[in-house]
């Protein structure tokens with residue numbers, strides 16, 4: 001990199017525009033305008049979408065605050081997001097560490113591929129496959145009863161733990177991937193230097209590896225937390241009646257109850273909460289980046 | 001020290017093995033159950049291929065599979081083209097507000113799909129765009145765009161800017177430079193971005209679910225409907241095929257591109 005090349009003036013916005021415009025136009029049509037429409041819709045009174053002269057109201061937001069059920073469900077969804085994210089972190093980080101720092105060559109490549117391969121398989125199908133594992137008379141139940149001398153009833157299907165297991169299974173590859181990418185970028189010489197200066201394995205991990213891997217852990221956490229708080233398909237398939245969450249209530253408004261304005265208001269509240277959490281995490285992200 | 005580190009690496013291997021068992025156990029069981037005669041997954045296991053045979057006459061599943069493939073291919077083409085163009089423009093330019101403009105690319109990832117999906121439903125319904133395959137395609141491209149831009153931009157980071165200057169100083173036009181110098185150099189990034197786009201679309205359930213209509217639906221939406229109805233042995237069969245297809249595709253591609261990033 002000779003400095004003389006860097007003096008070349010880069011293009012301004014105007015010449016970049018033709019190449020940028022298609023992508024932004026598409027996002028406007030499919031994301032920004034729909035979000036604006038949703039905000040408007042959330043302020044409409046509950047009538048059929050095509051009815052003439054709908055009136056503006058904040059009634060839908062008032063519904064959220066007057067019925068404690070909604071806040072309870074929102075809280076439940078946030079807690080679920082936290083549990084799943086932490087579980088993915090605890091399971092995924094060591095796996096990424098083994099991949100990046102212990103395995104070498106072909107073994108690393110093959111196992112890395114195996115870990116991220118499920119990302120390319122259908123998530124719905126993967127969630128559904130757990131229902132065959134967790135049900136009474138399913139594989140785990142049969143296997144446990146064949147091995148254990150006493151009778152056990154193993155029936156996790158339609159329970160909260162089943163939802164957590166299915167979600168962790170779905171999102172674990174994201175965490176392994178993002179942690180692996182940051183861990184791989186850490187120079188082994190740094191760790192060796194710390195070790196040769198007398199740092200124990202644990203303190204080298206705590207004071208060098210963990211801080212340097214923080215961006216990957218945070219990126220993975222965001223990639224997992226955001227979809228999980230809005231999940232509704234996994235709780236429906238694996239949680240049954242115990243899987244009622246904020247996401248399933250929103251889905252109901254659009255597909256069963258047909259109260260779109262209330263659904264829009266609830267969606268917007270969820271969006272606001274997610275954005276607040278992301279903004280709160282932003283300074284931490286910036287400090288570690 | 002030597003001994004403790006080999007012990008540690010042994011433990012590490014065992015741990016990775018356990019993680020892989022966790023990731024693949026349910027898939028293996030589902031594949032096994034697709035060959036089990038009992039429609040209620042009763043054991044003992046009794047082999048049959050009748051569920052696969054039943055698939056061949058299930059017109060709804062076949063039609064929705066074709067829809068899914070068609071939308072995934074179109075999404076890949078459109079999102080990769082638009083995304084690569086935008087990445088190039090952002091790479092080559094510098095202007096006030098560039099970071100803010102870049103941040104605007106991320107909402108499709110930063111917003112739960114449930115919210116994007118319901119917002120699209122409201123907007124498309126209200127403006128007369130309507131629901132159906134065209135609406136699903138509109139949504140999928142928007143969801144896939146940020147992935148393409150992230151992957152292609154990452155690749156561009158390693159591309160030496162001077163090469164474009166050199167080509168230009170030798171008299172190549174901007175388009176010639178792009179086509180003969182830049183695009184070949186970042187081709188692995190473009191292919192990886194295209195793969196992400198395909199995966200995002202082919203796997204996408206949430207947004208499709210809100211935009212599908214009874215006649216115009218995708219495979220995940222059709223599978224979800226069947227699961228909710230409760231009859232699923234054929235679903236096991238089609239799921240097994242879908243998983244083998246997408247994983248096989250990835251395996252083939254990975255033979256050409258190293259994903260582990262060993263340098």
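From the backbone N, Cα and C atoms, a Cβ is placed for every residue, glycine too.
Unlike curated entries, TrEMBL annotations are predicted automatically.
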Request  = Can you dig out which of the ranges A:204-226, A:227-249 TrEMBL describes as transmembrane segment?
outcome  = A:204-226
Remark   = Best-packed against the transmembrane segment (A:204-226), counting Cβ pairs under 8 Å over A:12-35, A:73-99, A:111-133, A:262-285, is stretch A:73-99
Proximity verdict for the transmembrane segment (A:262-285) and the transmembrane segment (A:111-133), three or more C-beta pairs under 8 Å = no
Note = Given A:12-35, A:111-133, A:157-183, the one sharing the most C-beta pairs under 8 Å with the transmembrane segment (A:73-99) is A:157-183
Same-chain residue ranges lying at least 6 outside the transmembrane segment (A:157-183) that approach it to Cβ under 8 Å = 80, 83-84, 87-89, 91-93, 95-97, 99-101, 112, 115-116, 118-119, 123, 126-127, 130-131, 134-136, 138, 209, 212-217, 219-221, 223-224, 227-228, 231, 234-235, 237-243
